[in-house]
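Participant: From TrEMBL, here are the annotated features:
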ACT_SITE  E101  active site, proton donor
ACT_SITE  D234  active site
DISULFID  C297-C329  disulfide bond
ACT_SITE  E341  active site, proton donor
ACT_SITE  E366  active site
BINDING   T452  Ca(2+) binding site
Amino acid sequence: TTEHTFSLMQSDRFVCPLFMLQMMKFAWDNYKRYAWGKNELRPLTRNGHIGNMFGGLRGASIIDSLDTLYVMGLMDEYNEAKEWVQTSLDLNSNGEASLFEVNIRYVGGLLSAYYLTGEELFKNKVVELGEKLLPAFNTPTGIPRGVINLGSGTSWSWGWASAGSSILAEFGTLHLEFVHLTQLSNNPIYTEKVMNIRKLLNKIEKPHGLYPNFLSPVSGNWVQHHVSIGGLGDSFYEYLIKSYLMSDKTDEDAKTTYYNALEAIEANLVQKSPGGLTYMAEWRGGILDHKMGHLACFSGGMIGIGADDGAPEKRQHYLDLAAEITHTCHESYTPTKLGPEAFRFDSGAEATATRLSDRYYILRPEVIESYMYMWRLTHDPKYREWGWEAVEALEQHCRVDSGFSGIRDVYTTTVSHDNMQQSFFLSETLKYLYLLFSDDDLLPLEDWVFNTEAHPLPIIRTNCLQNEATQDKTL
């Protein structure tokens, strides 16, 4: 049985992490064999995929894997990746690049690789790339547009975004990386850009204290009142509490904004299903849509890591809420033990995808991410048991001859694969599983904050900076 297998694996504290290491090596070896230098592997057809999210940038799986390989001790593979960055990562590219995706994957991945290894190569590359992102902020409000040509510096909004708007989860998910770009480059412009975003958001009116998903970069006004803790909104909230934690708990503005937003979310979006499951609905101009996306399942971990710094009388409440949401997301994991892209709580549904178009699973990490955080915070063994269920499901349903693939329907055990090994599977899903089964002193939460692509960034200690300044003056 799964329980028996897990208890045997747990009896040797090294076996579980070793299993995740083998999964990572299998995914990496097949990427290297069939898709080297491309952005992602297509494991069924055994070729590479480039896509259009990164403009002309290549090697997304390499950049996303650098820190995972290093942390797992896969040094031969890490050195292969480092050599590719040195010889083949070309930042002088033209094409339609997502500011958000380039930031979380390429900037985040290079920053993390630098902080873990001290290799100047990564520092030089990330500062060069950071400069190429700055033209996106050349708008009347300073709210960046979502798409940028890294070669020409021209930027524009996504064609599908409402009325030329920018997206909350995109312009709100820059803070961690840009603060570190200022640290490495000694150029304050990066921090100034993201602080300007926060100032504008603090100034404008929020409906019921909520942050809608679409904002005009021209007028600075909300474009429509759609609020989601899932896609389009998600990592904005994550970066508020993580900005506070990364500042060594000195960024009081981030803290206040986060807890005010969480209070509004609880008052307006958090619901209890007839079956007793706690979930976060979406809000459309005051009308609730009783749907929760897989992307929103990160929020269990987010609320968990922010619990200790809330009002003293609410700390246990926040930890309980984090556990309830994580439990709900576990319940959405189906007979295949993998979860759908979105699940509903209406018409008798309980954490179930009622639409065929929501039944797919693309190797997403968010549920496992919350397991990892809740394990670190509580050491309740159920989180490792749930993680092991996910490992077995990935091996049974997503592993194919030449890598790992998403599946099109989590409700059938006769799976149909989507032929894509996402780069975030290497960066996030496998890393969070590895950390879930490793000791807490591997990337401890008191020293590191993970960006939304699971790239660890060090907490910026104020006293360390003061010591460095003193040393500089002495020298």
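Along the chain as shown, residues are numbered 1 onward.
The backbone N, Cα and C atoms fix where each Cβ goes, and this holds for glycine too.
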Participant: Could you tally the C-beta atoms, other than its own, that fall within 10 angstroms of the C-beta of C329 (disulfide bond)?
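Facilitator: The answer is 28 other Cβ atoms.
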Participant: Report the same-chain neighbours of E341 (active site, proton donor): residues 6+ apart in sequence with Cβ closer than 8 Å to its Cβ, ordered by sequence.
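Facilitator: Sequence-distant Cβ neighbours: G293, H294, A353, D358, R359, Y360, Y361, I362, R364.
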Participant: Express the distance between the Cα positions of the residue listed as 'Ca(2+) binding site' and D234 (active site) as a whole number of Å.
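Facilitator: If we compare the Cα positions of the residue listed as 'Ca(2+) binding site' and D234 (active site), the gap is 10 Å.
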Participant: List the same-chain residues at least 6 positions away in sequence whose Cβ sits under 8 Å from the Cβ of E366 (active site), in sequence order, or say none.
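Facilitator: Non-local contacts for E366 (active site): H294, L295, A296, C297, F298, C329.
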Participant: For D234 (active site), which residues of its chain lie six or more apart in sequence with Cβ-Cβ distance below 8 Å?
Facilitator: A169, S228, L295, A296, F298, S299, T452
Participant: Ten-angstrom check, please: count other Cβ atoms within 10 Å of the Cβ of C297 (disulfide bond), all chains counted.
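Facilitator: Step by step: centre on the Cβ of C297 (disulfide bond), count other Cβ atoms within 10 Å, giving 31.
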Participant: To see if you understand the setup: which same-chain residues, six or more apart in sequence, place their Cβ under 8 Å from that of E101 (active site, proton donor)?
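Facilitator: Set apart from E101 (active site, proton donor) by at least 6 residues yet with Cβ under 8 Å, we have M53, F54.
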Participant: Among all the protein chains here, how many other CB atoms are within 10 A of the CB of T452 (Ca(2+) binding site)?
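Facilitator: By my count, 25.
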